[in-house]
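Asks: Pulled these from Swiss-Prot:
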DOMAIN    39-127  domain 'PPIase FKBP-type'
MOTIF     131-134  motif 'Prevents secretion from ER'
SIGNAL    1-19  signal peptide
Amino acid sequence: MRILLLSALFLSLTTLVLSADLGIEKTHVVECNRKTTKGDTVHMHYRGTLAADGSEFDSSYGRNQPLKFKLGAGRVIKGWDEGLLDMCVGEKRTLTIPPEYGYGERGIGPIPGGATLIFETELVQIEGVNNDEL
């Protein structure tokens, strides 16, 4: 009985730790009937900064062009594939993405290895979904 209880406690703590890795803050909540799911092609506006010093490394707003990609297909960092699920069009979220959900220890371009990333995101469109479905 004691081993069973300890096993259950360990699994609960492991789940808690894993779910705490990716920070998701809903900054503008929108109610809808159709939320994003794996496989959706989405259009996202975003602003990416380094948590360490707040410096901006990329932004779709400056280009006035949202990023289009297939959600959950591994075409973006893991923090986006997981952190942008269950969103409504018009919703805004701030994602705090640790290195293991971002670019890891290798980094890329202006993003150093081991960096925690902050993304301000806004869901602009889910392709193939009509306004009356939202």
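Using N, Cα and C of the backbone, Cβ positions are placed for all residues, glycine too.
Walk me through the surroundings of each of these features.
Replies: Note on the domain 'PPIase FKBP-type' (39-127): its mean pLDDT in the predicted model is 98.
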Asks: Can you count helix, strand and coil residues in the motif 'Prevents secretion from ER' (131-134) using DSSP?
Replies: 3 helix, 0 strand, 1 coil
